[in-house]
Amino acid sequence: MHNLVILGASGSIGQSTLKVLRRNPGRWQVLALTAARSVDAMVRDCLEFSPRFAVMVDEAAATALAGQLKTHGSATRVLSGQAALCEVAAHPDAHSVMAAIVGAAGLAPTMAAVRAGKRILLANKEALVMSGAFFMEAVREHGAELLPIDSEHNAIFQCLPEAIQRQPGYCDLAGAGISRILLTGSGGPFRYTDINALAQVTPAQAIAHPNWSMGAKISVDSATMINKGLEYIEARWLFNAAPEQIQVVIHPQSVIHSMVQYKDGSVMAQLGNPDMCTPIAHALAYPARVESGVEPLDFFSVGEFSFIRPDYERYPCLALAMSACQQGQAATTALNAANEEAVAAFLAERIGFMDIARVNEATMVALGSSPVGSLDDLIALDGAARARAHNLIEELS
């Protein structure tokens, strides 16, 4: 049986992964589930899936989980801390690792899985945004297999020739007859909102995505469209694409998840209802296909497809991310760190919606040209960018 580790089991992607497993009993064995501090969810899922290991980042949460599992007679071994995350991600019995921890916190365990040569189901886009070339070099050096979970990158992956699928990060798009990648995005909940009203947007409004059901952080990222900017950077590394080979297209219906345009004029697109269970099922079973539980697309009810050019005045964070991709690794690392801090401050109602872009830009300008020669340099830069962003947030609060 295929052993699976789910990093970030209590989050949106982790829960969708478990949903796909329920649709396909007996195909995968859950080796480990991890979470930060969601004890109740972990008790429920450990009792259902009987993993060998359960890891809580928070030590008090681990103690609480261990006590409750013991009461239920569970044999699951409970571990705690960042080192334990890395340990289960690289466990000799693990075949695939779902990397679904949100943000920079997911980099270390994801990299541990890469260095152990695992099949990585990559939902943590920040790992690539933060570490780019270092991450892809580790994938190649250690023989890891990389399968994208983001709906857009999974769609692009499915539209590429099999030879390209087998060597992400080191493929030759032009040599395979590909002219460009068309990266689609819904435009978020404010694509038609008066620009002058965006400063008054509340967290509750920002997390109400019109098409997708997602966590709070990624919902805000979608509203600012920095999510699409981070995906632009991720696509650059995943598919060895030059920035000019990637075009962002706003597609409000969220039915076409992305496209690949070939030099002969053909365009390959991957379509489906907006549900993360589809790309998760694809990556879990690749190259086979399994039930995802997602309703088949009904073309007659969709009605129409529309496409809009991005408005960078409305979406300054998207422009910042694309600029960071041109600048290089330090800029993307600084931007990602600043954005995590800024979004957390916005959700806590400490800064306004448009302040997110201000914090991101000021941090990127200050630190985006820092020298980075190693992963340790990137981690240090991440910390410096967070400190800088924190100071800016204090000034704006």
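Note that Cβ sites are derived from N, Cα and C of the backbone, with glycine treated the same way.
Source: prediction; values computed, not measured.
The NADPH binding site feature in Swiss-Prot is assigned to Ser10, Gly11, Ser12, Ile13, Ala36, Arg37, Asn124, Glu126, Gly215. According to Swiss-Prot, the feature 1-deoxy-D-xylulose 5-phosphate binding site maps to Lys125, Ser151, Glu152, Ser186, His209, Ser222, Asn227, Lys228, Glu231. Per Swiss-Prot, Mn(2+) binding site is recorded for Asp150, Glu152, Glu231, and the stated evidence type is sequence analysis.
Feature map: annotations from Swiss-Prot on the structure.
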{"residue": "Ser10", "record": "NADPH binding site", "DSSP (3 states)": "coil"}
{"residue": "Ala36", "record": "NADPH binding site", "DSSP (3 states)": "coil"}
{"residue": "Asn124", "record": "NADPH binding site", "DSSP (3 states)": "coil"}
{"residue": "Asp150", "record": "Mn(2+) binding site", "DSSP (3 states)": "coil"}
{"residue": "Gly215", "record": "NADPH binding site", "DSSP (3 states)": "coil"}
{"residue": "Asn227", "record": "1-deoxy-D-xylulose 5-phosphate binding site", "DSSP (3 states)": "helix"}
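Here Asn227 (1-deoxy-D-xylulose 5-phosphate binding site) is positioned 21 angstrom away from Ser10 (NADPH binding site), judged by their C-alpha atoms. Taking all protein chains in view, 25 other C-beta atoms sit within 10 angstroms of the C-beta of Asp150 (Mn(2+) binding site). Those residues of the chain, other than Asp150, Glu152, Glu231, with a C-beta within 8 angstroms of the mean position of the Mn(2+) site C-beta atoms are Lys125, Pro148, Ser151, His153, Asn154, Ile156, Leu183, Asn227, Lys228, Glu234, Ala235, Ser258.
Counting only the Cα atoms, the space from Lys125 (1-deoxy-D-xylulose 5-phosphate binding site) to Asp150 (Mn(2+) binding site) is about 8 angstrom. On a Cα basis, Glu231 (1-deoxy-D-xylulose 5-phosphate binding site) lies 18 Å away from Ser12 (NADPH binding site). When every Cα pair among Ser10, Gly11, Ser12, Ile13, Ala36, Arg37, Asn124, Glu126, Gly215 is compared, the largest distance found for this NADPH site is 21 Å. A Cα-Cα distance of 8 Å separates Asp150 (Mn(2+) binding site) from Glu231 (1-deoxy-D-xylulose 5-phosphate binding site). When the alpha carbons of Asn124 (NADPH binding site) and Glu231 (1-deoxy-D-xylulose 5-phosphate binding site) are compared, the span between them is 10 angstrom. Its Cβ placed at the centre, Asn227 (1-deoxy-D-xylulose 5-phosphate binding site) has 26 other Cβ atoms within 10 Å.
Here the CA atom of Ala36 (NADPH binding site) lies 22 Å from the CA atom of Asn227 (1-deoxy-D-xylulose 5-phosphate binding site). Around the Cβ of Ala36 (NADPH binding site), the same chain contributes Ser10, Met56, Val57, Asp58, Ala61, Ala105, each under 8 angstroms and 6 or more positions distant in sequence.
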